[in-house]
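Taken from TrEMBL, the feature compositional bias 'Basic and acidic residues' covers 1-20, 117-126. Residues or ranges marked as compositional bias 'Polar residues' by TrEMBL: 23-32. Residues or ranges marked as domain 'FecR N-terminal' in TrEMBL: 48-86. Here TrEMBL flags 197-286 as domain 'FecR protein'. According to TrEMBL, the domain 'Protein FecR C-terminal' annotation covers 335-402. The region 'Disordered' annotation in TrEMBL covers 1-41, 105-126. Taken from TrEMBL, the feature transmembrane segment covers 168-191.
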Amino acid sequence: MNIRTDKTSRSATEHSDTRSTRGHQQPDQTYLSPPEDKTQSLSAEELAREWFITLQSAPNDQDLLRQFQQWLQQSPEHEDYYLEVCLLWQDMELAAGQLHEEMHHSNETCHASGSEESAHFGKTSDRAAVSGANPISISANNKTVTSSEAGNAYIPATPRHSGLSSRIVTPLLSISMLMILIVMLLPPYIWHAPDHYTQSGEKLSLSLDDGSTIHLNSQSAVNIDYSDSQRRVELIYGEAFFEVASDKERPFSVSSQGVVATALGTAFNVRQLEQEIQTTLTEGRLRISTLRSDNRHQPDITLTPGQRVTISGPGQMTLTEGHKLYLPDWKRNVLRLDNTPLSDVLALLNRQYSAHLVLVNPELQDKPMNGVIPLNDLPVTLELLSNSLNTRTVRISDRIIFLH
């Protein structure tokens, strides 16, 4: 099957950065040391993590550094815990970069030995690295830790101990944190073998030989299975807009986590989230099939233009009326929020930008969000989120931004 591709590079979404507002004023940020009421309730280990995050937001604040030095001098274990955080962060970035490179190489090898029709699109992300010279450094147990451009972590210049305790070597919590971060940073195509995919900030249009077109949103992937009697597409993850050429002899169907949308001459959008599948019809007619909790088929429903069905579990189906614009919101570089949980908002934004947004306070993840967010301007997006949530953004590295 012949497929023509048109890829949109990362363009504005990739070049947007919290350091440059492109004409937009940066939100006012207040840099504070951990509040006194927290010091009464947090352990020394938890306070070390608080200090690490706080110092990223204001590395040149001399008053803050003096407060930090005072905290270090209160107890020898404070320095140990803080060094542990710094060591862990550097190990996380190095491990994520190495695993990304190794698994991408393995993925390319598998593709090279497979069918010639199976092709993937996109370039490997730059390897994460801890680099850059800094006069502040410390050696512990024959391992040198430096403040770097990637982590920008402040490390005390004159340690009182020649070695660190054994808890730095094999802490179970650190191992779990490391694995979580690696999974977060690695692009999802590494865990799959999709026919076609996009990375963060990329968009791809696939022109199929039957006249249909698949538009892949950022960080999305599909498999395509065409035969003489059927046209099947699997949305493995992400979001895609389908413009379907009419062919009564070969139905066009899109499957995503057990939900099947079947069309004849239709334009529709399918979005896969962690907890649900959203399908929106913009033109024609669309039949939706899914399973009930007892694994029997739910009665099919037929959508008309402007309708959206949200399936959040077996037998859990919600039908809503939306706008009747032909193109989906993401094709117009906006994200429309309608009581959307914050966790879903961040998941969708993380598909658009190479920087990964991490919510520090888990109590906010279910907070409903409403409004419209631009998908091509990260600084404005961060300002909107900070103002709405009463949080501040802290850039830990080029690939990690904390909402704190």
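The count begins at 1 with the first shown residue.
Note: Cβ is positioned from N, Cα and C throughout, glycine not excepted.
Mean predicted confidence for the domain 'Protein FecR C-terminal' (335-402): the pLDDT average there is 89. The DSSP breakdown of the domain 'Protein FecR C-terminal' (335-402), given as helix, strand and coil counts, is 26 helix, 26 strand, 16 coil. DSSP states for the domain 'FecR protein' (197-286), grouped as helix (H, G, I), strand (E, B) and coil, give 0 helix, 52 strand, 38 coil.
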